[in-house]
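Student: According to Swiss-Prot, the record shows the following:
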type: BINDING; residues: 125-185, Glu207; note: ATP binding site
type: BINDING; residues: Glu269, Glu282; note: Mg(2+) binding site
type: DOMAIN; residues: 95-324; note: domain 'ATP-grasp'
Amino acid sequence: MDTVLTIGSHSSLQILHGAKKEGFKTVQITPKNRVNFYSQFSFIDEILGYNNEDEAVEFVNKYSNRGALIPHGSLVEYVGSERVSKITTKIFGNRNLFAWESNQKKKMSLLRRSGIQVPEEFENVEDVDRLVIVKLPGAKGGKGYFIAKTKSEVKEGLNRLISSKLIKDVNDVIIQEYVIGVPMYFQFFYSPILNRLEITGIDIRYETNVDGLRRLPENLADPTFVVVGNIPAVARESLLPKVYDYGMSFVNTVKEVVPPGMIGPFCLESVVKDDGSIVVFEFSGRIVAGTNLYIAGSPYSWLYWDEPMSVGRRISREIRLALNSNKLEVIFT
């Protein structure tokens, strides 16, 4: 195995930059209209431009004998689970988690089973009695999410989602208590080779107009939650033991419920309340775009490796460690 490939979006530059640092050949599989952009980066050895997602899968499968595909949010959301099931090339991480990540209710059940504090959910619109956020399935980067104060506002919002064809059925969404606090997205890497959980970074998502509404008169604009960027963050050190415990609990639950378990990067998307408690409202079971902040390494990854270590490079370091110990089967599915 000598080649690392990924889909041209999300965190692909970081992934391939890290792979080249670890001595692998790199392949970018991207929509044709992005080929010119990616061609300027010397660490990308080969670029394959596709016309549609079916062709993307064909390109991926060209490397079934010597390559590893690194998944990210665009693979989960846009290539789709049905096409992913046709991929014969090795995938780094647990591909069985994709189905869980695309279903909000299943995602939350994993968090609850891990003993992690989560927001209250409302199965029935009629039970809504506080500020809530309504979320759509999949890795859509916040598209279509909305806040509601009353059950009538929830119903109106659901009707808009159906009419705009963002959802097919009201049961597709999750209605969740809107937790007030500081958002912090805790990034982790679980290494089956080293049997170690690493805290690799923290970010805050920068969302379209919701971050500007505080400067506008009330009711002048409706908030939207489409993620357009990320802001770096560090947490008080006294919070980190709890963050680590949450991460390990989640790793243990995934190992039990979604074999072969957690492999590589994941993120617990959280709110830290004023009493110091941490409420986790979502997880991502693969590399998140917030790690792009730390291509030169994060304040936390330096503590583990004492060298520049992005999550993209950390993935390829894990592959290298597995190659050296003849344990590739432990990290690929």
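For all residues, glycine too, the Cβ spot is worked out from N, Cα and C.
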Student: What are the sequence-distant neighbours of Glu269 (Mg(2+) binding site), meaning same chain, six or more residues apart, C-beta distance under 8 angstroms?
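Tutor: Result: Pro183, Tyr185, Phe186, Val280, Phe281, Glu282, Phe283, Ser284.
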Student: Which has the fewest other CB atoms in a 10 Å radius around its CB: Val125, Ile133, Val173, the listed binding-site residues?
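Tutor: Each of the binding-site residues Val125, Ile133, Val173 was scored by Cβ atoms within 10 Å; lowest is Val125.
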Student: Write out the long-range same-chain contacts of Lys165 (ATP binding site), meaning residues 6 or more apart in sequence whose Cβ is under 8 Å from its Cβ.
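Tutor: Listed in sequence order: nothing, so none.
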Student: Is it possible to get the count of other C-beta atoms within 10 angstroms of the C-beta of Lys149 (ATP binding site)?
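Tutor: That number is 12.
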Student: Identify, in sequence order, the residues in the chain of Gly157 (ATP binding site) that are 6 or more apart from it along the sequence and have a CB within less than 8 Å of its CB; answer 'none' if there are none.
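Tutor: Gly157 (ATP binding site) has long-range Cβ partners Val134, Phe146, Ala148.
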Student: I need the least crowded one of these binding-site residues (Gly181, Glu282), counting other C-beta atoms within 10 angstroms of each C-beta.
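Tutor: It is Gly181 that, of the binding-site residues Gly181, Glu282, has the fewest other Cβ atoms within 10 Å.
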